[in-house]
Amino acid sequence: MLYNNLARALQSQGHVSDAIAAYEQAIAIDGNFVQALSNLGLLQCQEKNYASAIALCQRAQLLQPGDAQACIQLAVVYGAAEEQDSALLYFQRAIDLAPGSALAYKQLGDYYNTIRRFALAVEAYTGATERELDDDDVYNNLGVALQKLKRYDDANAAYLRALEINPKNVSAICNLGNVLLAQQKYEQAQTRYQAAIALDPTFERAHFALGNCHVLTNAPTAALECYRAVLALNPEYRDAYVNIGSTLSNLGQIDEAIEACRAGLKVCPLWDTLFSNYLFLLSHSADIDATTLFEEHLRFSDTFETHMAKNAKEHTNTRDALRTLKVGLVSGDLHNHPVPHFIIPVLENIRSDAGLSLYAYHNNAQDDHVSQRLREVIPHWRQVEQMDDLELAQQIRDDGIDILIDLSGHTGKNRLLLFASKPAPIQASWIGYPLTTGLRAMDYYLTDPYFAPDGILDSQFTEKLVLLPSCSPFLPSEYASGIRPAPALTNGYLTFGSFNRITKINRKVIARWSMLLRAIPDARMLLAAMPTSAPHPLIMRWFEEEGIAPERLTFEGRTGITQFMEMHHRVDICLDTFPYGGGTTTFHALWMGVPTLTTAGTTLPSRIGTSILLQVGLEEFIAKDDDDYVRKAQAMAANPMLLGAYRYSMRHRLERSAMGNPELITEGLQNSLRIMWQRWCEGLPPVSFAAPVAVPNPPIGLA
């Protein structure tokens, strides 16, 4: 007893190694000392020495087989060791031994919350409350499970009950704010977060949640203050680094956003989400060359892939080159997002192909009309946001996937670590991210010869490049109205425009745009899709430094899609961004009759505009350098009638291009998947190739 008490005292003072030694001495004196066995087992669990923890708690449980608390402790240790079956077995044994024990139900609910089985967590917590456990933490945790199930009213009631029991439960106050935030009740949510902070200024989660609320109410400066307050309290609060980076980037401060991610990676070097966010932001920097960008993507692989590759298993897929192939699509964007609008026309064609069977692995709880449309063309749909990488890899193996396609790259809600464990024999990346994943386990990257002619980008990818007739088709917006005359014909001056997100606009972009505005003194510029319709302070300052008068600039905030499309009627020529060009925005502009002036870059993101314009025969809008850029703009300003003629040809150009021919792209994709598969069946390594089609692409221009 003496050594056990000494160990507990040492443990409470943070002297872990001394506490372990004292517990071991107590057990050496009495090998059946249940309390010392349990205490040491839980301490070893806390120290993540799970094998030792399990052995100790097993001994304690065997010495008191009828004790429910001993079973609960063993279940908790098994749960921490991620031995789910054993954990659930001992939780159930505790309930069988003490069916009236509310504590057993509470602990089971906590475990179900941990493993994200929220419906079962609700059942367990309800069992605890039915056994008269009037505990604020139980109701708070019940609210969390209900909120995860999107039962917002029930979650709200659970949080309020927790606060009736304990009005100072800051976690419940903050969680109540979260459910209000999910219901878009921003002012009420903000009040709750502020109340939690007032009760406990050190409660970092409330500061973080308040920052999120400020982001959603377009108060980025206040949001940054909150996130920085979180890091002042806890420098290892990982999500704060991501949100600081995204908030700064949405303010147009890309360099500062990149530095925020670098600072976070120094603290959390093994967090893949932050690393991916860093790479995505790095792709927007005008100061990073192609070699450095590629090397940083390789560093992602060096950091994570070796560890995940240990989970790889031998592929048992039947090597039959002609059989039906199971093709899996992994994405966090299978909802109202640009990615589905590019792939839906192809998937609709594949649906009738008996040689391909489609599976979707959607890593996002968001579900909307686009998700429903996708489910109609993808027969096998899996919601996987609650699965960890090992569970998802096993699901993919159980489904027998032959070719697994990533649609996210290093964008939000990606599952790249899953690909590192190679759950399918062939893996490819497509659409979602215009750069290499950096993974050696990713075999192919799907692009087109307009993006990457003559192998000019091969050295920037770990993957082998497969050249489809076009990277993807374009699905015009149903909200697009008819073409109208070029505004220059009535205004008497040229109006440039940009509809790109602010993260793509940097100081060097403004310098290039300003060259045109100086060369064409009466030209104006519309900057749409801004955070608000007020002049953006940083962009205004950059233009001022270039000598551009503010009255020549018009800012428009983000709007609905109908208003967004209508704004194109006010623009003569769109100006592309760099090094990350406009994709969806360039398509929309062309459909509305507005060409985009771009410069051919040396990376895939900087060639997005080039690829699109080449495909519609608008090489004259692709500049070779800054001087050529100015000359082309001046030529258009001098001939507004020609600009007007271009306007009415745009939809016809798109419809006649490969981008307007989903059947051609589908044929290229089908043939490419079969070639990949045939090579694997023959034991051959991946190689770059052009997708064969019955009617090849017309000759293309090179830029």
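Cβ coordinates come from backbone N, Cα and C, glycine included.
What TrEMBL says about this one:
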DOMAIN    311-470  domain 'O-GlcNAc transferase C-terminal'
DOMAIN    488-658  domain 'O-GlcNAc transferase C-terminal'
REPEAT    68-101  repeat 'TPR'
REPEAT    136-169  repeat 'TPR'
REPEAT    170-203  repeat 'TPR'
REPEAT    204-237  repeat 'TPR'
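Per-residue confidence over the domain 'O-GlcNAc transferase C-terminal' (311-470) averages out at a pLDDT of 96. With a cut-off of 8 Å between Cβ atoms, the residues of this chain six or more beyond the repeat 'TPR' (68-101) that come close are 34, 38, 41-42, 45, 48, 50-51, 53-54, 57-58, 60-61, 107-108, 111, 114-115, 131.
Residues of the repeat 'TPR' (68-101) grouped by DSSP class, helix first, strand second and coil last, total 27 helix, 0 strand, 7 coil. Same-chain residues lying 6 or more positions outside the repeat 'TPR' (170-203) and placing a CB less than 8 Å from one of its CB atoms are 136-137, 139-140, 143-144, 147, 150, 152, 155-156, 159-160, 162-163, 209-210, 212-214, 216-217, 233. Counted with DSSP, the repeat 'TPR' (204-237) comes out as 27 helix, 0 strand, 7 coil. Broken down with DSSP, the repeat 'TPR' (170-203) shows 27 helix, 0 strand, 7 coil. Under DSSP, residues within the repeat 'TPR' (136-169) fall into helix, strand and coil as 27 helix, 0 strand, 7 coil.
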